[in-house]
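Q: After the structure tokens below, expect a handful of questions from me.
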Amino acid sequence: MSIKKLLVLPGDGIGPEVMREVARVAAWLSRRRDITFDISEDLVGGASLAEYGVPIREEVIQKAREADAVLFGSVGDPKWAHVGFDKRPEVAILKLRQELGLFANLRPAKVFDALADASTLKPEIVRGLDIMIVRETVGGIYFGEPRGIETLRDGERRGINTEVYTTREIERVARVAFDLARKRQNSVCSVEKCNVMESGLLWKEVVTDLHAREYADVTLSHMLADNCAMQLVRNPRQFDVIVTGNLFGDILSDLASMLTGSLGMLPSATLGAVHSDGRRPALYEPIHGSAPDIAGRGIANPIAQILSFGMLLRYSFGMQTEADMIESAVSAVLATGLRTADIMSEGMARVGTDVMGEAIVRELDKLQV
Ligand code: NAD
Ligand code: IPM
Ligand code: K
Ligand code: MN
């Protein structure tokens, strides 16, 4: 039996609400499968600001480094809108990505059969959709220097952010995308705006060179980011793997989530480089945020958080069977017609966060042979 060290960071808003449903799933796995989780939990985001005056403590970053994997919820709370930039709740996730070198954020947009008609797009456009967005997460305009707000001599102010990508940063994330494509439909679409940005031009060059050198067997295409947003709505099934920078990846993945029915459905894995001892830092989280507009009402969809835990089992713990079971259980529950408010449609049964979590565990029970 293996014991895995798991750091759980629920965060703010609906973060703790949906994390409670993961706890149910983890408890079920410990009971029924040969797995023991050594779970440690801590505060991040607004919850940490309230308790410790910082969005994340150094101690928590150290715990994240030592864990076999990190399961993250969501951070952000309008209550802290007035604090300085370095003290916002969101710093927690940005810092974890940076400090652990988590550069490749895998955001799979997959349509469950039962939800083909939950999308705001026509079912025939999204049915069977399975795309993987690989978003770079430690570079680009999120972290480029110079940055800040300056006051000019005449009193006018200006806000500055800088898009920067180095060849090494581009190459390592492209490598992740090509490797993933080889296990999927063998096709990568690289997305930038090389028509207006030098960083985009370099991005395209580096991806093209790497492809020619090492991945000529994979089909590679290039697309401008604005066109990509349009193509994702026009004909999303043309894509297999999309690889793109930090900001475009953030926006395109929220867009892609609606193809699957809801932002509450999309999980993610953020991976770092494999260390010399074979360990690979990794953090798992839904792509959605703390959803202050619905927090505290017990109606959030826990599926993105539960599927993120499934990705954790698959990518960090090598538990393919258990990861498959979680996906099957989610699929089965959706087939029975249970729906949280965000994926509700006519004729279906509307349930809250906890009933959805319980139903997923019940389906796991049925799958267990
Ligand atoms: P959001 O993702 O929190 O919510 C956007 C919309 O989607 C809201 O209407 C919300 O109710 C809905 N939604 C999101 N998750 C849902 C779920 N599981 N079930 C049902 N509905 C769901 O984005 P926002 O409102 O722009 O941001 C709120 C806060 O979250 C901000 O502080 C933002 O910075 C933060 N945020 C954090 C993360 C993260 O922790 N990685 C990600 C995105 C946003
Ligand atoms: C995400 C979020 C974060 C991002 C914010 C909260 C810093 O939107 O994880 O998608 O922009 O990366
Ligand atoms: K999140
Ligand atoms: Mn986002």
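Just so you know, glycine gets a Cβ as well, placed from its N, Cα and C.
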Q: Quick check on the annotation: TrEMBL has Arg97, Arg135, Asp226 binding substrate, so which of Arg88, Arg107, Arg147, Arg237 does it put in that site too?
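A: It is Arg107, as the record lists it for that site.
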Q: Tell me the Cα distance separating Ala291 (NAD(+) binding site) from Arg97 (substrate binding site), rounded to the nearest angstrom.
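A: Taking the Cα atoms only, Arg97 (substrate binding site) lies 21 Å from Ala291 (NAD(+) binding site).
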Q: Relative to the Cα of Asn301 (NAD(+) binding site), which of the recorded positions Arg135, Tyr142, Lys193, Asp226, Asp254 has the closest Cα?
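A: Going through Arg135, Tyr142, Lys193, Asp226, Asp254 one by one, the Cα closest to that of Asn301 (NAD(+) binding site) is Asp254.
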Q: Any idea what the Cα distance is from Arg297 (NAD(+) binding site) over to Asp226 (substrate binding site), rounded to a whole Å?
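A: Spelling it out, the Cα of Arg297 (NAD(+) binding site) and the Cα of Asp226 (substrate binding site) are 36 Å apart.
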Q: Between the binding-site residues Arg107, Arg135, Asp254, Asp293, Ala295, which lies closest to Lys193 (site 'Important for catalysis'), Cα to Cα?
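A: Going through Arg107, Arg135, Asp254, Asp293, Ala295 one by one, the Cα closest to that of Lys193 (site 'Important for catalysis') is Arg135.
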